[in-house]
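A short worksheet on the structure shown next.
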Amino acid sequence: MLDLVALILLFPLIGTAVNGLAGKRMRKETVGYIACGAIGLSFLVSILVFCGLLLLPPEGRLFEKHLFVWIESGSFRSLAALQVDPLSTVMILTVSGVGFLIHVYSIGYMHHDKGYHRYFCYLNLFTFSMLLLVLSNNFLLMFIGWEAVGLCSYLLIGFWFEKKSASNAAKKAFVVNRVGDFGFALGVMLIFLIFHSIDFTEVFSAASHGNFETGNFAITMITLLLFMGATGKSAQIPLYTWLPDAMEGPTPVSALIHAATMVTAGVYMIARCNVLYMLSPFTMTVVASIGAATALFAASIGLVQNDIKRVLAYSTISQLGYMFLACGVGAFTAGVFHLMTHAFFKALLFLGAGSVIHALSGEQDIRKMGALKSHIPTTYKTFLVGTIAIAGIPPFAGFFSKDEILLEAFVRGNFIYWSIGAIAALFTAFYMFRLLFMTFYGESRVDHHTMEHLHESPGNMTLPLIALAGLSFVGGFLGIPGASAINHFLSPVFGGHTHAEIAGTELAGHSGHHGAWLPYLMMVVSTAIAIAGIFLAYQMYIKKPDLPKKLTDRFRFIHKLLLNKYYVDEIYDALFVNPTKKISVKILWKGVDVRIIDGSVNGIARLVGGLSNVLRLLQTGYIRNYAFYIVVGCIFIVVLAVFGK
Amino acid sequence: MDSRKGELIRITTLLVSIVVFVLSLPLYFNFNAHAYEMQFVEKLPWIPSFGIHYHVGIDGISLFLILLTTFLMPVSILASWHITKHIKEYMIAMLVLETGMVGVFASLDLFLFYVYWELMLIPMYLLIGIWGGPRRIYAAVKFFIYTMTGSVFMLLAIIALYFLNHRATGEYTFNLLEFYRLELSFAVQFWLFLAFAFAFAIKVPMFPFHTWLPDAHVEAPTAGSVILAGVLLKMGTYGFVRFCLPLFPEASHVFIPVISWMAIVGIIYGALVSMVQDDLKKLVAYSSVSHLGFVMLGIFAFNIQGIEGGITQMINHGLSTGALFLVVGMLYERRHTRMIADFGGLTKRMPVFATLFLIITLSSIGLPGLNGFVGEFLILLGAFRSRILYASIATSGIILAAVYMLWMFQRVMFHEIIHEENKTLKDVSKREFAILIPLIMIIFWIGIYPNPFLRKMDASVNHLLKQTGEKAQTVSNLQTQNTAVIPKIDIVSETKAEW
């Protein structure tokens with residue numbers, strides 16, 4: 001069954017090709033069926049591959065499928081080969097599963113769009129790229145997927161290319177990702193220089209067999225460079241700025257980017273390279289710190305945003321911060337677990353937001369919503385599930401994964417990591433319920449005209465919502481403390497050193513002064529934090545709706561700072577974008593090129609021309625002049641002959 | 001001239017160029033990938049009293065450049081269908097140009113090489129000067145004089161080699177393969193390298209000898225730009241590989257920092273200046289400076305990845321940039337302007353064109369899976385292996401490439417249509433489709449399965465490395481002693497005995 005793995009990639013590729021080449025001439029239904037069918041088949045094959053992997057003994061769960069040699073030059077070789085192991089299996093199931101639901105949803109959501117076939121062509125390509133990224137068995141092949149998801153985000157964010165803001169956002173996404181890719185590419189080159197190979201298995205086995213001491217400089221550089229790539233793709237400080245702007249694309253695309261594909265790439269990559277990262281404590285500190293900082297930073301911006309998608313966007317950045325925090329403290333399983341649960345509930349929330357926007361004929365401002373609960377009941381109920389899940393209320397999915405990260409941050413990291421994570425959790429619960437209350441509760445602020453068209457979304461949109469709500473509810477049970485299935489499944493990839501049993505004696509042995517009661521205490525604390533956040537939101541947006549206004553007036557400066565996202569975009573523009581443009585025009589082009597280089601070239605030409613003009617004067621055409629020159633010449637020669645010696 | 005006659009001339013030329021392309025294909029299929037020696041060699045005496053021969057042959061390095069030339073020729077002629085002025089002369093110039101280009105890549109006799117080198121110059125000069133844009137005379141003269149200046153030094157160096165060889169072997173010949181065996185002192189190498197490098201650096205063009213390029217491109221007709229960017233610039237990089245490296249290995253090693261820094265400056269400078277152009281052709285022209293900088297960096301990495309990457313990138317640049325000029329030409333034919341500001345929103349009117357254009361743009365950006373990436377990555381890997389600092393700076397070029405290409409693409413293809421004229425634009429015609437599709441197919445082919453290309457280079461590139469490496473070893477001691485000192489040597493005095 002493992003041999004089928006190539007089909008996982010083939011189906012979406014066929015879907016892309018068929019819809020791309022012939023989609024225009026086909027009926028809309030056919031286009032949709034082809035696209036959904038491609039991903040659906042991919043998902044089914046993924047399940048088969050998963051089953052095939054389960055049949056193998058846990059330590060032998062690694063399968064490689066060699067397709068062909070991609071690039072070979074001298075001793076450098078990059079194969080086109082796929083790798084199936086527990087980590088990539090978790091990823092393909094998540095990507096193709098959630099991706100499939102998003103595809104189905106898109107049939108309804110994009111029904112009226114003129115670029116229907118183009119949309120599904122890109123969407124299939126996106127899924128293909130992400131699947132390639134997680135299935136490749138070496139760094140360079142992974143880089144194809146890595147850059148291709150960047151391309152697809154470019155195409156889909158800029159899907160409505162007539163809008164200037166959309167095409168700007170698309171370009172920004174690609175370029176900012178390229179900045180990260182610059183680091184990633186250098187990292188791959190350094191890996192080749194150090195390991196003489198870029199195959200995962202070879203690199204990791206060389207690294208894990210004690211050839212490198214902990215803290216090795218080259219390994220630290222490699223991991224930092226790769227992490228730079230991850231900050232771009234997974235929207236971490238300082239390269240997160242593209243993600244909020246990515247809202248310009250159709251909403252299901254946001255769901256795809258934020259949940260299943262693209263942003264999870266960085267987390268996956270670090271989890272994949274856990275052997276290397278464990279060798280560099282410095283990089284781990286950097287990863288954990290950036291993760292924690294991003295989690296808090298983005299959550300704080302999320303507190304005051306008024307665009308339903310923008311709130312979710314900052315929440316994504318913040319949640320990704322959690323995942324990096326987990327990886328940074330060495331709890332890779334927790335990071336991947338949260339990646340998975342987050343894929344469920346964030347896809348749900350985005351699709352739910354899409355359903356709200358759909359119902360309100362395109363309105364995204366939550367100040368113009370309210371009291372939608374009874375009008376769009378299915379959307380409301382599923383959105384509620386997603387909100388509870390992300391806020392971290394047991395037994396919903398987000399609770400288990402986030403709780404595990406906070407616990408690991410405390411046990412393996414330090415109190416600071418934990419407290420930052422805890423504050424961010426408080427913020428998360430607050431802004432998510434603020435969003436929920438402002439959208440579905442209170443008084444309706446929807447304008448009259450929109451109200452008339454208010455309707456629940458069709459079945460092909462609500463069914464994916466229900467499915468995702470189910471996953472958001474039960475997904476967490478895969479990682480129940482003490483009997484964590486996902487921990488168990490992933491342990492061959494992450495090895496013993498990265499695998500902490502949450503409950504029981506092992507933990508007590510690791511850090512003596514914490515007892516076995518710690519995990520349970522943590523659960524209580526994180527639940528309490530979540531409830532506190534919800535209570536605060538309830539107080540402010542249901543009980544005393546005038547309170548937010550007062551607070552805003554009171555803390556005008558902070559509010560403005562948060563509302564304007566700390567002015568980071570403006571700072572980047574002032575620091576990088578504008579100076580580069582100015583220098584390029586004024587100094588390089590108009591200065592160096594036109595004035596200095598071309599100036600001297602033309603100067604030489606003019607000089608030669610000028611000299612020739614002078615010499616031309618000698619050519620008078622009068623014999624007497626020439627006779628005169630001859631005489632002068634003769635005298636000169638004679639003088640030279642006589643006195644020269 | 002009546003139109004029927006014109007049509008006949010067009011079709012004849014197209015057929016001729018297609019026949020040439022078909023005839024060049026056996027070179028690929030019958031090429032022995034395991035041999036580093038020159039293949040398909042032909043050697044006939046031409047001016048025997050001076051030891052000048054018609055001596056041609058190819059190896060894994062020139063093979064693809066010849067194929068690129070014969071492939072781009074029918075494409076360019078198809079892209080010249082709209083030419084009506086002096087059509088006969090135009091087509092003659094095109095075919096003479098092809099002769100010159102293939103000759104340059106195949107010549108193994110330096111005299112013959114020089115003849116072809118100069119032969120190429122004339123039809124290109126005419127193409128720009130007669131069928132070019134409003135400032136065509138300025139551009140054509142600038143192009144001619146720039147190239148000529150470099151060529152003069154190269155000619156001197158060729159003559160010097162001729163006499164040096166005679167002194168060493170007692171034989172008068174321009175045979176390149178004989179010259180390869182010469183053991184030149186470092187001082188001689190130094191100056192001869194400079195003379196050759198000057199000619200080639202102008203042709204590449206390397207920063208700061210590039211200012212003829214934007215002018216030439218802007219004024220040249222579409223096909224002229226395609227050939228100029230696609231093939232003519234490769235003469236420079238090819239010259240470095242074919243002559244400078246194996247003939248003057250120690251000098252080449254000494255010049256690594258100089259050439260590499262010029263390449264790096266070219267990569268970044270070209271990209272930044274390209275970014276702010278408002279003329280499409282100028283933008284693509286400056287992007288060539290950046291791309292060719294990568295090629296030079298790869299060649300002077302002196303390892304297999306760098307050089308194979310460099311050769312691959314020569315092909316890639318020929319395809320991608322050639323295609324970009326074709327695309328710009330198609331826009332120009334429709335709107336008679338090349339200013340970016342005159343476009344905008346074209347995707348709406350020209351969806352097929354938009355897709356093709358996007359693929360070409362991405363290939364130029366170096367997106368993995370398309371051709372540009374294979375060359376760029378190998379170059380950077382090679383450079384990284386030899387000097388980490390160079391590669392690290394140069395890699396930032398991939399960020400800038402995304403900026404200038406995507407910004408251009410956005411301004412031309414996206415947004416609402418604001419200019420009335422753009423609202424009635426037609427999508428690609430069948431002829432235009434036929435022009436671009438072969439290019440795009442090869443763009444994908446090299447990107448996904450570059451092995452058929454890379455494997456045919458192996459033997460030749462390895463041999464080249466051996467040549468440069470071994471020779472460099474023998475005099476390396478000498479060289480390390482006085483690398484900082486510019487050697488003082490009078491070539492005339494060394495060759496005086498011959499006169």
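The backbone N, Cα and C atoms fix where each Cβ goes, glycine too.
Predicted automatically and left uncurated, TrEMBL annotations should be read as such.
Per TrEMBL, the features are:
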- A:30-55: transmembrane segment (TRANSMEM)
- A:70-120: domain 'NADH-Ubiquinone oxidoreductase (complex I) chain 5 N-terminal' (DOMAIN)
- A:90-107: transmembrane segment (TRANSMEM)
- A:136-428: domain 'NADH:quinone oxidoreductase/Mrp antiporter transmembrane' (DOMAIN)
- A:173-195: transmembrane segment (TRANSMEM)
- A:253-271: transmembrane segment (TRANSMEM)
- A:277-299: transmembrane segment (TRANSMEM)
- A:311-337: transmembrane segment (TRANSMEM)
- A:343-361: transmembrane segment (TRANSMEM)
- A:382-400: transmembrane segment (TRANSMEM)
- A:415-441: transmembrane segment (TRANSMEM)
- A:462-486: transmembrane segment (TRANSMEM)
- A:517-541: transmembrane segment (TRANSMEM)
- A:626-644: transmembrane segment (TRANSMEM)
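The largest share of C-beta pairs under 8 angstroms with the transmembrane segment (A:311-337) comes from A:415-441, of the ranges A:30-55, A:343-361, A:415-441. Within its own chain, the transmembrane segment (A:517-541) is flanked in space by residues 391-394, 399, 402-403, 406-407, 410-411, 422, 425-434, 436-438, 441-442, 481, 502-503, 507, 547-548, 551, which lie at least six positions past its ends and keep a Cβ under 8 Å from the stretch. Sequence-distant contacts of the transmembrane segment (A:415-441), counting only residues of its own chain at least 6 positions beyond either end whose CB sits under 8 Å from a CB of the stretch, comprise 288, 292-293, 295-296, 299-300, 302-303, 305, 308, 311-312, 315, 318-319, 321-322, 325, 329, 356, 366-367, 369-373, 380, 383-384, 387, 390-392, 402, 405-406, 409, 525-526, 529-534, 536-538, 540-542.
Counted over residue pairs separated by six or more positions, the transmembrane segment (A:90-107) shares at least 3 Cβ pairs under 8 angstroms with the transmembrane segment (A:343-361), which defines the two as touching.
Per-stretch counts of Cβ pairs under 8 Å to the transmembrane segment (A:382-400) identify A:462-486 as the leading one among A:277-299, A:343-361, A:462-486, A:626-644.
For the transmembrane segment (A:253-271), the partner stretch with the most Cβ pairs below 8 Å, chosen from A:173-195, A:277-299, A:343-361, A:462-486, is A:343-361. Residues 207, 212, 214-216, 219-220, 223-224, 227, 231, 236-237, 240, 270, 314-315, 317-330, 409, 413, 416-417, 420-421, 423-424, 427-428, 431, 497-498, 566 of the same chain lie 6 or more positions beyond the ends of the transmembrane segment (A:277-299) yet place their CB under 8 Å from a CB of it. Nonlocal intrachain contacts for the transmembrane segment (A:343-361), taken as residues 6+ away from its ends with a CB within less than 8 angstroms of a stretch CB, comprise 94, 98, 101-102, 105, 109, 251-252, 254-256, 258-260, 264, 308-309, 312, 315-316, 319, 368-369, 372, 375-376, 379, 382-383, 385-387, 389-390, 396-398, 439, 446, 450, 453-457, 461-462, 464-465, 468-469, 471-472, 475.
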